[in-house]
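According to TrEMBL, the protein carries these features:
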type    : residues                  : note
DOMAIN  : B:4-219                   : domain 'Radical SAM core'
BINDING : B:Cys18, B:Cys22, B:Cys25 : [4Fe-4S] cluster binding site
Amino acid sequence: MRGAMRGEEIPVLPRGVRLHQDRVRGGWVLLAPERTVALDQVGHAILSEVDGKRSLSEITAALAEAYNAPQDQIMQDSAGFLAALRSKRFLEVVTEVTAEVAT
Amino acid sequence: MSDTRPPIAMLAELTHRCPLSCPYCSNPLELTRQDSELNTEAWAGIFRQAADLGVLQLHLSGGEPASRRDLEALVAAARDAGLYTNLITSGIGLSERRLRALDAAGLDHIQLSLQGTTPEMADEIGGYRGGYKRKMQVAQWIGEIGFPLTLNAVLHRRNLHQLPRALEMAVEMGARRIEVATVQFHGWALKNRDALMPTRVQAQEATRLVEAARARLKDVLVIDYVPADYHSDVPKRCMGGWGSTGLNVTPEGLVLPCHAAQTIPHLTFDSLRDRSLKEIWYEGAAFNAYRGTEWMRDPCKSCARKTVDFGGCRCQAMALTGDASATDPVCHHSPDHAALQSRAEAHAASEEAALVYRDAAGSAAPVPAE
Ligand code: SF4
Ligand code: SF4
């Protein structure tokens, strides 16, 4: 069982999981196999920055600047959300994928 | 109903044709023939209507959706409409070339059914020789192309002992998710209760295995579990409530609140040939029949769980009590609960009942002279 996502980890949305603007209800959702997750502002802000290249620290630092909010706060606010996505396999971490391929 | 919200999911039964003839098929006993099926443009229009109405997830199902030659075009139309597109298939009818075309068309996810974990079991249950081998080949192509995969294992008395192997296979295939679904007794399965009803011990063992696997495979494999509900004391939730989250479209364009709704004889269903999806969703008689909780009687009416499980399954209440607004007999508050439990025991104890396979009517196989 994994804990919270660490700052140096690089999150990536795996194939089959994507952001979608819900034009009927408003707002953004994450579409995944058999699941639709409604996103709040922080969730949407983070996931729209996830590109499989930048680490969680880099992403949250950029958001801290853009929204003029403390980075620690953003990390804290999003930890549970990111962990839940990860345990459902809606979010993965790049370094680990590489490790799996290597073994 | 003013507080009705838009649907999230639509299940499109593209065809009732299927090379397999599983004895628990959820298609109605009266199958739609190929010449009554909606064509490509009609479906494309329905997908656009669905997206406009608020549908986000589309499940392409059947029968076997790959029996439609225009499946690739249908997937492309669904993605154009902005829908998350999931293919529910046995794998039969898919070649590597077709899978690559589906990939190019934008298919988001595949749900592959599993009738058994050995060729003997799978081919006997599916009633199709060579089906298992072909499915394994298809699973390999799915992995190579990189489609996200859910394995859908349907379990019953004859194959429940294969559950541990089914879980291993899901991991080996690289599936992110498995549905462990004990047969629900609707449609053809009602004819096969003696042959397929799990024993109470099997049902308990399955629950134990699923719980252990969930702990062991956390972060690797997501396990969705549908328990054997005749042996349960708590009814399964009817979606998020009848007519609240999803709808079904039949091969000929009838819109149903759920796949089994046609087993409730007093309901009438609208066709997309006559009315829009929006009108049918908000105003259709069948959708409003069991929306919310107004239709309930006691014990459901005064029960705290009525907005949790919505009184259980309407179709099951109909099949087991003859009254679709009764409490689902699976519920321990139902006056019919004790009778159901002994019935379940009796079905489970009946030795060697032969399987009644789904008819091939409407299938690609030659139709025998009538
Ligand atoms: S009495 Fe009705 S609402 Fe209450 S738990 Fe049973 S089925 Fe659900
Ligand atoms: S009525 Fe029964 S079969 Fe239909 S959706 Fe509800 S629980 Fe499922």
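Cβ coordinates come from backbone N, Cα and C, glycine included.
Curation plays no part in TrEMBL annotations; they are all automatic predictions.
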Cβ neighbour count within 10 Å of B:Cys22 ([4Fe-4S] cluster binding site): 23
Across the domain 'Radical SAM core' (B:4-219), average pLDDT on the 0 to 100 scale: 94
Cβ packing number for B:Cys25 ([4Fe-4S] cluster binding site), 10 Å threshold: 22
Additional residues around [4Fe-4S] cluster, ordered along the sequence, whose Cβ is within 8 Å of the centroid of B:Cys18, B:Cys22, B:Cys25: B:Leu20, B:Ser21, B:Tyr24, B:Asn27, B:Gly63, B:Glu64, B:Gly126, B:Trp188, B:Arg358
C-beta crowding around B:Cys18 ([4Fe-4S] cluster binding site), within 10 angstroms: 28
